[in-house]
Amino acid sequence: MDSMIVGSFPRPSSLITSGGNDWKSDRVKKVCFPIKLSRFGAWNSLDRCLLVRSQHHLLKPPIKGFEERTTFNKRHNRKFLVNAASGQSLESEPGAYKPKSVWDSFKNASDAFYRFSRPHTVIGTVLSIVSVSLLAVEKLSDISPLFFTGVLEAVVAALFMNIYIVGLNQLSDIDIDKVNKPYLPLASGEYSVGTGVMIVTSFSILSFWLGWIVGSWPLFWALFISFLLGTAYSINLPLLRWKRFAVVAAMCILAVRAVIVQLAFFLHIQTHVYKRPVVFSRPLIFATAFMSFFSVVIALFKDIPDIDGDKIYGIRSFSVRLGQQRVFWICISLLEMAYTVALLVGVASSSLWSKLLTVVGHTILASVLWNRAKSVDLKSKDAITSFYMFIWKLFYVEYLLIPLVR
């Protein structure tokens, strides 16, 4: 409704006919002229209502019907004033204003943070720490509340640092992500730069705080080295932003995923939780070697879908320099080599059940990888991205097999 008439006054002619004077007629014409209301603010609506109500007191209706209509108008204007004071649009239809519920706001905020945290890296961090921690278990009695407490401390501190690293990378790559990953909160505008800075700062502080109060030096050094490498990898400062250099970028990821995660979190359980001397067991050496292959593959493959934005902003990744197809098959070859090494380790195992599970498990994974790789359309960014997430699933499965190696 574009306009409405406030009041239900009779026409001026009716007043004159009923005996009103000419001056009253003139006055009624001025007072009772329809007032057009449109989309004004609450204060304008309130002023107009007060004006109309004050004009009612100046008039003395000569007939009973007019008084009844005036009584109705007073009730109507009282409701009108409430709506105007609340700031609601006067012509709003019932149900037109639907404020966002708290639940909807919570879901939207959770979804944005979920994407900001890069969940595939979060899952990888949790599984890797739990898997490596199990390598320190020597007997069934080692699975105790003390063990679970130590694992929980490591997982939470590492997750905080993980969110700092992936968040800093997004802050440094907003323009690139608008091309490569427009669904991320900073690239899409869901998060402001200030919000991103607040999140990464808070989580880095929380990570170091937890690492410090736990009192485990392997854990603290794992967090500190990850912080240094993650910062140098992403931040755009002189001599830093190592992601611009393909070899250095790959070495950063390898150092964190293959070396620090395996050694530091194993030593956290071995020396801090169980108070045992430092040892480098066969499963630990296997895990470090195998994940070195896998980390290089992740470092190379993650740039294959992002080649467009990297070209525009001068990121000289291997995919930019060598081409997507060549890097794709290098990654597949490295993973197949890693599975071959795992088969040999399984065959050499002295434990029958370990030998069986290791050989069969890695044979299945190698076959699935090869068959899936042959069907990938390398001209489709969506197909490449989907295969990249498939590689992360292989990464998760491998950490389920590592504790079985003996």
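Here the Cβ of each residue, glycine as well, is placed from N, Cα and C on the backbone.
Just so you know, TrEMBL annotations never went through curation; they're auto-generated.
Source: prediction; values computed, not measured.
Annotated features, as they stand in TrEMBL:
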{"type": "TRANSMEM", "residues": "120-137", "note": "transmembrane segment"}
{"type": "TRANSMEM", "residues": "143-168", "note": "transmembrane segment"}
{"type": "TRANSMEM", "residues": "189-213", "note": "transmembrane segment"}
{"type": "TRANSMEM", "residues": "219-239", "note": "transmembrane segment"}
{"type": "TRANSMEM", "residues": "246-267", "note": "transmembrane segment"}
{"type": "TRANSMEM", "residues": "279-301", "note": "transmembrane segment"}
{"type": "TRANSMEM", "residues": "327-346", "note": "transmembrane segment"}
{"type": "TRANSMEM", "residues": "383-402", "note": "transmembrane segment"}
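Below 8 A, the CB atoms of the transmembrane segment (120-137) and the transmembrane segment (383-402) form 3+ pairs separated by six or more positions in the chain. Here the transmembrane segment (143-168) touches the transmembrane segment (219-239). Their Cβ atoms form 3 or more pairs under 8 Å, with each pair 6 or more residues apart. Of the ranges 189-213, 246-267, 279-301, 383-402, the one with the most Cβ pairs under 8 Å to the transmembrane segment (327-346) is 279-301. Non-local neighbours of the transmembrane segment (189-213) in the same chain are 112, 116, 153, 156-158, 160-161, 163-164, 167-168, 170-171, 174, 219-220, 223-224, 227; each lies 6+ residues outside the stretch with a CB under 8 Å from one of its CB atoms.
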